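Copied from Swiss-Prot, the annotated features are:
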type	residues	note
BINDING	PHE26, ALA60, LEU61, GLU62, CYS84, ILE85, ILE86, ASN117	5-amino-6-(D-ribitylamino)uracil binding site
BINDING	GLU89, THR90, ARG131	(2S)-2-hydroxy-3-oxobutyl phosphate binding site
ACT_SITE	HIS92	active site, proton donor
Amino acid sequence: MFGADKGTADKLDGKKLHIGIVQARFNENITNTLAAACRAELLRLGVQEKHIRHVLVPGALEVPVALQAMAERDEYDALIALGCIIRGETYHFELVANESGAGVTRLALDYQVPIANAIITTENLEQALARQTEKGVDAARVAVEMANLLEELS
């Protein structure tokens, strides 16, 4: 059964899971809130604090590099990408959004590890502020659900 508002299942159990989080520092006021909401939800779902590894990188383009290092260690049941890209006046927004997203997806497929992508992309700061908590919670829920699903399928 899926939640009425979101695509994640209602009952999730993270008790046995090891989760890696990579957080971009760029737009740190937003990404810190994303990370806090994500961590709180992981703990609420039963993931043990000692089984959560959280690292920081400069920006969204560096997130896939750290995710790859974590995926190569084969210690994590799921990974989470956290970042915030706000549109500016140049093409840089599209470049960073597209490349970071493609990198995250490629890693999930190449390493067969679920990666919840919460690198939020918005037109302005107001949109980012409105999404920061919800998207952090969503990322935690997606990571736990997908880790459990892949375990069930293996």
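Our numbering is plain: 1 for the first residue shown, then up by one each step along the chain.
Here the Cβ of each residue, glycine as well, is placed from N, Cα and C on the backbone.
Features recorded in Swiss-Prot, as mapped to the structure shown.
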residue	record	contacts (Cβ under 8 Å, 6+ apart)
PHE26	5-amino-6-(D-ribitylamino)uracil binding site	PRO58, GLY59, ALA60, GLY83, CYS84, ILE85
LEU61	5-amino-6-(D-ribitylamino)uracil binding site	VAL96, GLU99, SER100, GLY103
GLU62	5-amino-6-(D-ribitylamino)uracil binding site	ALA24
ILE86	5-amino-6-(D-ribitylamino)uracil binding site	ASN27, PHE93, THR121, THR122, GLU123, ASN124, LEU125, ALA128
GLU89	(2S)-2-hydroxy-3-oxobutyl phosphate binding site	none
THR90	(2S)-2-hydroxy-3-oxobutyl phosphate binding site	none
HIS92	active site, proton donor	none
ASN117	5-amino-6-(D-ribitylamino)uracil binding site	ALA81, GLY101, VAL104, THR105, ALA139
> Can you tell which of ILE85, ARG131 has the most other C-beta atoms within 10 Å, given these are the binding-site residues?
Replying inline: ILE85
> Once the chains shown are all counted, how many other Cβ atoms turn up within 10 Å of the Cβ of ALA60 (5-amino-6-(D-ribitylamino)uracil binding site)?
Replying inline: 27
>> Quick check: in three-state DSSP terms, what is ILE86 (5-amino-6-(D-ribitylamino)uracil binding site)?
In response: strand
>> Just to be sure I understand the packing, how many Cβ atoms besides its own are within 10 Å of the Cβ of CYS84 (5-amino-6-(D-ribitylamino)uracil binding site)?
In response: 29
